[in-house]
Amino acid sequence: MIDSLPAFWAVIPAAGVGARMAADRPKQYLQLGGRTILEHSLGCFLDHPSLKGLVVSLAVDDPYWPNLASASDPRIQRVDGGTERSGSVLNALLHLHAQGADDEDWVLVHDAARPNLSRDDLDKLLAELANDPVGGLLAVPAKDTLKRVDKHGRVVETVDRSVIWQAYTPQMFRLGALHRALADSLVAVAVITDEASAMEWAGMAPRLIEGRADNLKVTRPEDLEWLRQRWTNRR
């Protein structure tokens with residue numbers, strides 16, 4: 001651990017629609033504890049003393065963002081999102097470069113629908129990776145028994161869970177390195193599911209930092225209900 005935490009930029013890709021929620025609006029705009037999920041996710045970073053600024057990538061025709069108090073927050077900059085997550089993040093990185101951010105600056109990319117990031121986990125990630133040559137991400141070791149299946153849904157084998165981790169966010173990398181990895185992987189039409197996979201594709205090995213399992217990404221209705229119950233029980 002280090003005495004002081006490094007300064008960082010935060011990027012929130014929020015242009016997705018979240019079809020699996022079967023809701024009347026993108027999942028990041030659903031209500032949780034009196035605010036939208038997106039506002040909670042933004043709030044995980046906005047009051048951190050090491051934050052240099054935050055960029056949120058939104059759908060071009062997003063009708064919900066202008067109605068949020070966050071839309072007028074001077075610490076938040078908006079850019080247009082892409083058709084995929086990687087494009088949304090890349091647009092945000094291009095914006096940071098245009099604003100004068102340095103290639104060696106740290107950037108933390110966080111899911112718009114992951115509203116329960118703890119300050120302890122954020123500080124742990126910053127401290128553990130401050131001097132890392134690559135960067136890394138919060139992750140949680142797999143706990144359940146894992147099965148590999150064939151195309152018919154039949155079990156082929158049981159996977160050794162001791163070497164399997166679930167990738168969470170934030171994911172923390174240097175601005176220049178992440179920009180190059182994402183841009184090159186898009187040109188190569190590589191399958192990129194998160195920032196760490198782009199760095200892996202570029203030949204680097206991100207470091208996993210164990211975080212809390214309740215840093216949950218809202219993907220299905222039951223995820224939102226679980227968070228609502230948990231937050232109610234805290235009061």
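Including glycine, each Cβ sits where the backbone N, Cα and C put it.
If you check Swiss-Prot, you get these features:
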- Arg20: site 'Transition state stabilizer' (SITE)
- Lys27: site 'Transition state stabilizer' (SITE)
- Arg161: site 'Positions MEP for the nucleophilic attack' (SITE)
- Lys217: site 'Positions MEP for the nucleophilic attack' (SITE)
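Feature map: annotations from Swiss-Prot on the structure.
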residue: Lys27; record: site 'Transition state stabilizer'; DSSP class: helix
residue: Arg161; record: site 'Positions MEP for the nucleophilic attack'; DSSP class: helix
residue: Lys217; record: site 'Positions MEP for the nucleophilic attack'; DSSP class: coil
Distance, Lys27 (site 'Transition state stabilizer') to Lys217 (site 'Positions MEP for the nucleophilic attack') (CA atoms, angstrom):
10
Which Cβ among the recorded sites (Lys27, Arg161, Lys217) has the fewest C-beta neighbours inside 10 Å?
Arg161
How big is the gap, in Å, between the Cα of Arg161 (site 'Positions MEP for the nucleophilic attack') and that of Lys27 (site 'Transition state stabilizer'), rounded to a whole number?
30
